[in-house]
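Novice: Okay, these came from Swiss-Prot:
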type     : residues                     : note
ACT_SITE : His194                       : active site, proton donor/acceptor
BINDING  : Asp36                        : Mg(2+) 1 binding site
BINDING  : Asp36, Glu38, His194, Asp199 : Mg(2+) 2 binding site
DOMAIN   : 33-207                       : domain 'Exonuclease'
REGION   : 1-21                         : region 'Disordered'
SITE     : Phe42                        : site 'Important for substrate binding and specificity'
SITE     : Phe90                        : site 'Important for substrate binding and specificity'
SITE     : Phe137                       : site 'Important for substrate binding and specificity'
SITE     : Phe159                       : site 'Important for substrate binding and specificity'
Amino acid sequence: MSEDHFDDEHEGHGGGGGSRHPMAARFRGYLPVVVDVETGGFNSATDALLEIAAVTIGMDERGFVFPEHTYFFRVEPFEGANIEAAALEFTGIKLDHPLRMAVSEETAMNDIFRGVRKALKANGCKRAVLVGHNASFDLGFVNAAVARMDMKRNPFHPFSSFDTATLAGLAYGQTVLAKACQAAGIDFDGREAHSARYDTEKTAELFCGIVNRWKEMGGWEDFDD
């Protein structure tokens with residue numbers, strides 16, 4: 001199914017059409033929302049979702065975008081979830097840490113989706129599009145969680161995304177998040193990496209920097225459809 005065909009079938013889903021709003025005009029009715037997940041492995045169907053963060057994107061009166069609001073949750077593994085020891089070693093997540101204070105997948109996803117729907121309404125957008133660094137990985141885990149819980153109101157487009165690894169490769173010649181941030185002049189602390197919150201906020205800075213740089217270069221103007 002093409003993106004346009006999906007949009008036609010879901011025209012009214014997700015909040016107020018309003019292409020007059022500058023954010024809706026900039027991204028064809030989509031609201032970029034940056035997402036990062038930390039997981040128990042690479043398989044979204046079998047491996048645990050352990051952390052998830054999302055950053056909604058705002059736009060100022062000049063048409064420049066900025067990271068607006070962060071949502072972050074440590075997540076309890078779903079029943080029967082696989083967790084690879086190598087994944088925990090890589091992320092540094094300690095499941096038994098007394099301050100981990102994890103919530104269920106349902107709580108995490110519902111709270112994030114509620115915030116995203118609020119941002120959709122505020123920006124006159126009909127649907128969110130996931131922004132991620134290697135976005136297909138994050139989108140796969142979001143979609144798997146939605147399917148596990150049989151959630152009916154997923155504000156994210158099910159297959160379209162903006163990948164900052166690709167965008168940063170184009171803009172800066174770097175595809176690794178830390179190196180792309182360095183090339184973009186964004187501070188990046190490797191000791192904080194592989195926290196969903198930290199990586200999401202840095203990815204949001206990177207995405208906004210690329211979009212704004214393109215605007216400054218005259219690469220986008222607000223044309224009516």
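Quick reminder: no glycine exception, Cβ is built from N, Cα and C everywhere.
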Novice: Just checking the recorded positions Asp36, His194, Asp199: which sit within 10 A of Phe137 (site 'Important for substrate binding and specificity'), CA to CA?
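Specialist: Final answer, ordered: Asp36.
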Novice: List only the single closest residue to Glu38 (Mg(2+) 2 binding site), chosen from the recorded positions Phe90, Phe159, His194 by CA-CA distance.
Specialist: His194
Novice: For the recorded Mg(2+) 2 site formed by Asp36, Glu38, His194, Asp199, which further same-chain residues have Cβ atoms within 8 Å of the site's Cβ center?
Specialist: Val37, Glu51, Ala53, Thr91, Ala193, Ser195, Ala196, Arg197, Tyr198, Thr200
Novice: Indicate whether His194 (active site, proton donor/acceptor) is helix, strand or coil by DSSP.
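Specialist: Note: His194 (active site, proton donor/acceptor) is coil by DSSP, not helix or strand.
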Novice: Taking DSSP as the reference, which of helix, strand or coil describes Asp36 (Mg(2+) 1 binding site)?
Specialist: strand
Novice: What does the structure give for the C-alpha distance between Phe90 (site 'Important for substrate binding and specificity') and Asp36 (Mg(2+) 1 binding site)? Integer Å is fine.
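Specialist: Phe90 (site 'Important for substrate binding and specificity') and Asp36 (Mg(2+) 1 binding site) have their Cα atoms 15 Å apart.
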Novice: Which residue, out of the recorded sites Phe42, Phe137, shows the minimum number of other Cβ atoms inside 10 Å of its Cβ in this structure?
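Specialist: Among the recorded sites Phe42, Phe137, the sparsest Cβ neighbourhood within 10 Å belongs to Phe42.
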Novice: If you measure from the C-alpha of Asp199 (Mg(2+) 2 binding site), which of the recorded positions Asp36, Phe42, Phe159 fall inside 10 Å?
Specialist: Asp36
Novice: For each of Asp36, Glu38, Asp199, count the other CB atoms within 10 A of its CB; which of these binding-site residues has the top count?
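Specialist: Of the binding-site residues Asp36, Glu38, Asp199, the most buried by Cβ count within 10 Å is Asp36.
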Novice: Work out how many Å separate the residue listed as 'active site, proton donor/acceptor' and Phe159 (site 'Important for substrate binding and specificity') at their Cα atoms, rounded off.
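Specialist: Here the two Cα atoms lie 24 Å apart.
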Novice: Restricting to the domain 'Exonuclease' (33-207), report the mean pLDDT as a whole number.
Specialist: 98
Novice: Once the chains shown are all counted, how many other Cβ atoms turn up within 10 Å of the Cβ of Phe90 (site 'Important for substrate binding and specificity')?
Specialist: 11
Novice: Report, in whole Å, the straight Cα-to-Cα distance of Phe159 (site 'Important for substrate binding and specificity') from the residue listed as 'Mg(2+) 1 binding site'.
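Specialist: Between the alpha carbons of the residue listed as 'Mg(2+) 1 binding site' and Phe159 (site 'Important for substrate binding and specificity') there are 16 Å.
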